[in-house]
Amino acid sequence: MTQAQELSVDFDFRLDGKVALVTGAASGIGAAIASAYATKGARIAAVDLNAEGAEALAAQLGGDRGAHRGFACDVADAASVQAAADAVAAEFGRIDILVNSAGVARLAPAEELSLQDWDSTLAINLSGTFLMCQAVGKRMLEAGGGAIVNMASQAATVALDQHVAYCASKFGVVGVSKVLAAEWGGRGVRVNTISPTVVLTELGHKAWDGPRGDALKKLIPTGRFAYPDEIAAAAVFLASDAAAMINGADLVIDGGYTIK
């Protein structure tokens with residue numbers, strides 16, 4: 001496209017004809033993003049360690065027979081990641097969108113955190129994101145385009161008490177994503193991150209109900225936590241062609257927590 005040409009932007013952020021691979025899709029933010037993508041016309045490859053949960057989510061999305069499928073994957077295992085990416089490509093013929101939403105949080109004071117918890121957090125959150133980006137990114141580069149959305153966190157911007165492994169992993173996700181954006185942007189593959197505050201998924205409710213959550217909300221200018229669909233809305237935009245000029249960005253959705 002030359003500078004003289006006008007860019008036509010779809011303000012409905014439609015994803016018709018696109019195939020989206022979403023990890024961590026069986027529940028929480030991943031499920032919300034998968035559902036939002038489906039409403040925008042995408043076919044969904046719901047990928048999760050919980051194979052039954054992924055298949056159940058795919059079934060709930062409706063649509064034409066075979067429009068959505070569930071796949072099992074351990075994102076911390078390179079062979080499992082490659083097998084899942086290959087299976088999705090074989091089933092749908094292409095992968096246009098990748099969302100890395102699978103993740104864990106092992107919390108403890110830094111001096112008490114076990115090496116096992118450190119290693120598992122980095123393996124799932126950071127290595128898992130890289131491995132899936134690498135496996136799917138190769139296909140996107142061969143196809144000449146794609147959009148990747150990696151879930152980071154406000155913990156990728158500021159230090160959070162008892163979050164040493166989680167912060168390390170999410171700072172890493174942002175770093176990896178920026179490097180991929182720099183390397184792949186010129187070849188048609190955009191890579192961005194979303195960094196939410198506490199999100200009121202089922203796990204979020206359990207972890208942050210009560211006085212602890214009330215205290216944290218007082219530090220957020222908007223005075224509340226985020227809802228899964230608010231994160232999904234951002235993921236829809238970043239995956240859509242309307243975001244064609246957005247590459248290497250970190251979209252912070254934290255009600256202003258990190259500006260203070």
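From the backbone N, Cα and C atoms, a Cβ is placed for every residue, glycine too.
Noted in Swiss-Prot for the protein shown:
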ACT_SITE  Tyr166  active site, proton acceptor
BINDING   21-50, Lys170  NAD(+) binding site
Out of Ala25, Ile29, Leu49, which has the highest number of nearby Cβ atoms, where nearby means within 10 Å of its Cβ, if these are the binding-site residues? Ala25
Which three-state DSSP class does Leu21 (NAD(+) binding site) fall into? strand
Name the secondary structure element type, per DSSP in three states, that contains Ala45 (NAD(+) binding site). strand
I'd like the Cβ neighbour count for Tyr166 (active site, proton acceptor), meaning other Cβ atoms within 10 Å of its Cβ, all protein chains included. 23
For Tyr166 (active site, proton acceptor) and Ile29 (NAD(+) binding site), the CA-to-CA distance in whole Å is 17
Is it possible to get the count of other C-beta atoms within 10 angstroms of the C-beta of Tyr37 (NAD(+) binding site)? 27
Between the binding-site residues Leu21, Ile33, Gly41, whose Cβ has more other Cβ atoms within 10 Å than any of the rest? Ile33
